[in-house]
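Now, the feature entries from TrEMBL:
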- 12-30: transmembrane segment (TRANSMEM)
- 66-86: transmembrane segment (TRANSMEM)
- 93-115: transmembrane segment (TRANSMEM)
- 121-141: transmembrane segment (TRANSMEM)
- 162-182: transmembrane segment (TRANSMEM)
- 215-236: transmembrane segment (TRANSMEM)
- 248-270: transmembrane segment (TRANSMEM)
- 276-299: transmembrane segment (TRANSMEM)
Amino acid sequence: MQEVLNRIVRNVSLLSCIGMFFVLIAGVAVTKMDAGRGCGTDWPLCNGKFIPAYTVESFLEYNHRLISGIVGIIVAAAFVLVWRYMRENKEAVIYAGSSLFFTVLQAILGAMAVVQPQSDAVLALHFGFSLIAFACTYLLVKAVGRSETDAGESENFRYSSGYYALLWISAIFCYVVVYLGAYVRHTESFAGCTGWPLCNGEWIPELTGAAGIVFIHRLSALILFILIAWVTVWTLRAREMPAHMRRAGNIVFVTIILQILSGALVTFALENADVYVFAAMLHTMIIAVMFSVQCYMIIEVWKSRRALRRVGQTAETSLG
């Protein structure tokens, strides 16, 4: 019976992760198609109706709200199931609770943006919180489906403080790059740099207006690539590095390359609306995967270091 319940928890957790992924994509579609006002200033209604009259803008905004509402219910269900049947798994409880918290928070920010216009900086935070919510659902899936082999490998491997610090720096900087990217979208600065890798035919353009915003985003992405390349080299060169950490490191490195290439595609597709929207969605999907795996690597190292500290404390107590 317990195995059946555990399977249900795992499936609902996976469904919440997939659902949150679609919420991110739907949100990007709304922004890129300039459909944020597709339902007017009404919330939760759309232009005063439960089912609005059809326009492209109202369709996109209404579906974004519908998907977010359904996924919110699934995330809440995952939290209840984890709390009820896996309460001893504190890690899973934390991730389930965090998923619910950030899902509600990003929904509130979304509602505020509809009812009353917000600054571009606040609108960019809306996507940032959505990304954190997705990362939490991903970590929840890993926690409820964690194999004993992976757990044993991580807890028995001694990660250096430098490696741990580098993981944190790269993940935090990734979030900064994500925020800057969202800021580019909401300020409609995406056409500030024509061409890639040059910006308006220059390596360093005028750092004002749209060109300055896009250039700073690109420069930040380059720095992030260097940080992640450093993490990858450190991960692959470390002897006896757990296999699942090597896989995670490889995924992060591949995704940062794909992220840069998809960013270039966004620039080249500025004149083609259909390709541009697709490229923007792809750009979002890749960064969501990359950031989530970065968070997973940090958690794995943190748990290993905590386990080793406990072993050391136990040994000191025994000797004492």
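The first residue you see is number 1, and the count goes up from there.
For all residues, glycine too, the Cβ spot is worked out from N, Cα and C.
Note that this is a predicted model, so its numbers are computed, not measured.
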- Among 12-30, 162-182, 248-270, the most Cβ pairs under 8 Å with the transmembrane segment (93-115) come from 12-30
- Item | Folded-back contacts onto the transmembrane segment (12-30), same chain, C-beta under 8 angstroms, at least six residues removed | 36, 38, 60-61, 63-64, 67-68, 70-71, 74-75, 77-78, 81-82, 92, 96, 99, 103, 126-127, 130-131, 133-134, 137-138, 140-141, 144-145, 185, 277, 280-281, 284-285, 288
- Are the transmembrane segment (162-182) and the transmembrane segment (248-270) close, by which I mean at least 3 Cβ pairs under 8 Å that are 6+ residues apart in sequence? no
- Item | Distal contacts, the transmembrane segment (276-299) - CB-CB under 8 A, six or more residues away | 21, 24-25, 28-29, 32-33, 131, 134-135, 138-139, 142, 164, 167-168, 170-171, 174-175, 177-178, 181, 185, 245, 248-249, 251-252, 255-256, 258-259, 262-263, 265-266, 269-270
